[in-house]
Amino acid sequence: MPPPIPSLRLRSGLFDNSVCWQCTKRALLKAEPPVPKYPARFFTKSTQPRNTTPTTAAAAVLPHQRLRAGYFVSNGLLARFNGTNVAPTASTTATTAPDVTDTSTLLPHRRRQAERRNAAVLAGAGTSGSYASSDAPTATMAPDASSLLAAAAAQHPADSLRRKLSSLLSLSKPRLTVLVVLSAMVPYALYPVPAFLSTAATATPSLSPLTLLFLTTGTTLCSAAANAFNMLYEPDTDAKMSRTRTRPLVRRLLTTKAAVLFAIGCGVAGTLALYWGVNPTVAFLGASNIVIYAGMYTPLKRLSALNTWVGAIVGGIPPLMGWAAAAGESATAEGTWRELLFASDGSSLGGWLFASFLFAWQFPHFMPLSWGIREEYKAAGLRMLAWTDPARNSRVALRYSLVFIPICLGLCAAGVTEWSFAVTSAPVNLWLISEAVKFWKHEGHKGSAKGLFWASVWHLPVVMVLALAQKKGMWGRVWRSVMGEPEEEDELDEFYDEED
């Protein structure tokens, strides 16, 4: 039988709280429901009056009865098509086993569609957006990238290479790792390069692309190691939360031994890449991030709500790594950690400003995120301010949202960006502050948590792009290059005079 609404075929969330649309309409239009063609499979005897909602038992489908995707329509849509007000009952909203389609007998293009749907079902991707309900105390978060990769890996044979690679990749938390790498690359690109690093081919001073390659590779591996150790430590708590319950170690797609070897290998390789390809200071910072994230932040989640501050330190270290990597190329002395991180001339101030920016950003981002799933954190035994002290949770988010305007002004004063950056970054900073005020005022209710969360998601990339577009002196060099004006050689001549 064709589906009643073809456009709803294979939609995520389609099979939640659902009954047969055609059978329900037939039952509602008749005072005495007729005996269907297959009574044992679709109906039980019922004596419902005309225009009343059928019971769940009257519309239930036995577990072994399988129909094509699209045959069932969500209860919430029934009123739109047959003029009735059918509300889901308690039994229809109960948790059931995932409806996974057998793909062995399907055509290739249908098989790919079914595999994508199965991955979404197994990962719990039935919700849309980040919150199923903004004010619900047990709102369900969308699955993270690790869960989606693990669900996709489970569709392949157990001994296939693709399954193993997808499972290992999911251990690294790809989206988080990409954010960490980008937060290290931006300060590296914004470092004020001295004029004596100009090459013979171009008058524009630049840093080494090879150093950037080692920086990104080493940071990626260190982040993957820290995330893998994190998953090794808490598979039991991951199993209790909707967005993490399908991670690879929870579903046993990988053995513990394989995960340990992957974490150790990535950690050692990443630290060595930073040591030999960048400098020892950056390598130390990368290794420290692994220790703090896996050895301090992860176990502290069970003990104290202060774990959020420790996790924020982890977020602030990658920008410092990027700045120290760039400073190491222009170091005129031995390039020690004091010279790179605590320069006497104040040139390291920009790195600490970027680190403070990423440290502060963690709070308006994580506080509303954790508020949406605070009951899951509580059930899993993870101590977060979202459920231990909701009022303080909203105050902390507001407090750290106020520091971004001074930080942006500090980047201008430190000579990292032009002063126009303070003006162009003000609107997005004020937007974040306004959402944080709503979050504090309503303590997460009335959609304020969702508003602050998405404001923080957009805030970070917008400010970083604005800073890159307004790097100190960049447009002046572009103008001189386009107009053919000679480069200013005062700084270069001064350097060579000192060498002579």
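Cβ from N, Cα, C; glycine included.
TrEMBL: automatically predicted annotations, no manual curation.
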With the ranges 131-152, 307-328 to choose from, which does TrEMBL describe as transmembrane segment?
307-328
Between the transmembrane segment (402-422) and the transmembrane segment (307-328), are there at least three Cβ pairs closer than 8 Å, leaving out pairs fewer than 6 positions apart?
no
Please tell me whether the transmembrane segment (209-233) and the transmembrane segment (451-469) touch - that is, whether there are at least 3 C-beta pairs under 8 Å between them, with each pair 6 or more apart in sequence.
no
I need to check the long-range neighbours of the transmembrane segment (451-469): which residues 6 or more away from its ends have a CB within less than 8 Å of a CB in the stretch?
130, 182, 186, 189-190, 357, 361, 364-365, 367-369, 372, 397, 404, 408, 411, 416-417, 421, 424-425, 428-429, 431-432, 435-436, 438-439
